[in-house]
Amino acid sequence: GESIYGPIGILLGLGFWCFPHALMLLCTTLGTADARLYEAARVLKLPSWRRFVLITLANARYGILSALVLVFTLAVCDFAVAKVIGGQYSLLATDIFKQVVGQQNFTMGAVTSVFLLLPALLAFGLDRWLARRQRGQLASNAVIYRPVPHALRDGCCLIFCSLIALFIVTLIGVAIYGSLISFWPWDLTLSLRHYDFASTTPYGWQPWFNSLTLAAGVALFGSALVMLGSYLVEKGDGFGWLRRLISLLGLLPMAVPGMVLGLGYIFFFNQPGNPLALLYGTMALLVINSLCHYYTVGQMTMQAALKQLPSEIETVASSLKLPRYLTFWRITLPVCSPALLDVAIYLFVNALTTTSALVFLYSPDTLPAAIAILNLDDAGQTGSAAAMAVLLLFTAMAAKGVYFLLSHRLGRRTQRWRQR
């Protein structure tokens, strides 16, 4: 008898939204398992549960705890889910949105946003504590782990994953169905007229092209920046305080709600005397803002991958007098290429669908599709809003298909050395 509007709806919505973030981190961590450890455990006749505890969980503890920290921070800072389905249940992030947007009380909104920085500090401290106890788990002669088929275990995992997939597909299916309804809830006949954006919306197709440009820019420049920053933090020599500062700055954006980031960008870039004021209202500013907003997950993913590399790689390269850039290009980058592709597709999809970080920064010429969806829904054009949302969904699916193709081909070229 409980209403979906409130804590129940928020939990379901946040679970659906945070699932891909945690999954990417955990897949990267579990994908580096060394088959030799499992083979030694079988030789010693260790039971399955002990192999799981002593090998799988022990080697993946950094990635698991990093995923917990990430999901905690995402849930604390999110406002979109709570705004749509939270009802009268108030959260800190939604209070900031109400104060800034509804009451124009920028001072109180800024004060409240300071409290959302506390999870970032907590996450940074926990991440540093875990990093000091994390050792390179990918030895130079490691063998990639291939699970041995087991009917009972595989069947249980299939059922569990199928239930999660069914939940996700059901939510997506409802959105697709809503985009095909002529006029909800009065005329339930199916029609494609909502997809004719040129005649049914004031924006036409321009928001979709803007979102493609935004997502491509964030994925391209963001992947390079994440790789460079994570490499300097994990593999750099000296300047420990600077590397810790870079790591801290990389964690902070995830603790700041998107509307607070956008508000800060307004104060900074909209000053007449600021030479960077030329960026205000341009696509370049949207790219910078989105990259800062989603940088943390990419950094955590890439650092988790770099931590798997054995430390003797740099030692051997130094003894052979190989320049650092050559070691990076021939060893580090190929080994970490799967994680780099994960970061690229993550940045692309999230930049394609982000709303809160850009809600204060777009201009009529740079209106993204995700914000156009909100505007259409506010105007009562639910069918057109659902249609544009489905278009973004299929765009993200197409990008994911390209990602799988590149990942498969690149994996055969760069990860073959781990297969025996």
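A Cβ is built for glycine as well, from the same backbone N, Cα and C atoms used for every other residue.
The feature domain 'ABC transmembrane type-1' is assigned by TrEMBL to 1-127 (among others).
The domain 'ABC transmembrane type-1' annotation in TrEMBL covers 208-403 (among others).
Under the heading transmembrane segment, TrEMBL lists 6-31 (among others).
The list of residues near the transmembrane segment (52-85) in space but at least 6 beyond its ends in sequence, with Cβ under 8 angstroms from a Cβ of it, reads 4-5, 9-10, 13-14, 17-18, 21-22, 25-26, 28-30, 32-34, 37-38, 41, 46, 91-94, 96-97, 116, 119-120, 123, 126-127, 130-131, 134, 137, 254-259, 296-297, 300, 304, 307, 355-356. The feature transmembrane segment is assigned by TrEMBL to 52-85 (among others).
Taken from TrEMBL, the feature transmembrane segment covers 105-126 (among others).
Taken from TrEMBL, the feature transmembrane segment applies to 156-184 (among others).
Annotation source TrEMBL lists transmembrane segment at 212-233 (among others).
What TrEMBL records for 245-269 (among others) is transmembrane segment.
TrEMBL lists 275-297 (among others) with the feature transmembrane segment.
Sequence annotations record features per position, and here TrEMBL assigns transmembrane segment to 339-363 (among others).
Annotation comment: TrEMBL describes 383-406 (among others) as transmembrane segment. Same-chain neighbours of the transmembrane segment (383-406): 172, 175-176, 178-179, 181-184, 194-195, 197, 200-201, 207-208, 211-212, 215, 341, 344-345, 348-349, 352-353, 369-370, 372-374, 376-377, counting only residues six or more beyond its ends whose CB sits under 8 Å from a CB of the stretch.
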Chain residues outside the transmembrane segment (156-184) and at least six past its termini with a C-beta under 8 angstroms from it: 16, 19, 190-195, 382-383, 386-387, 389-390, 393
Chain residues in Cβ proximity to the transmembrane segment (6-31) (below 8 Å; excluding those fewer than six residues from its ends, i.e. six or more beyond): 56, 59-60, 62-64, 66-67, 70-71, 74-75, 78, 81-82, 84-89, 91, 164, 167-168, 171, 297, 300-301, 304-305, 338-339, 342, 346
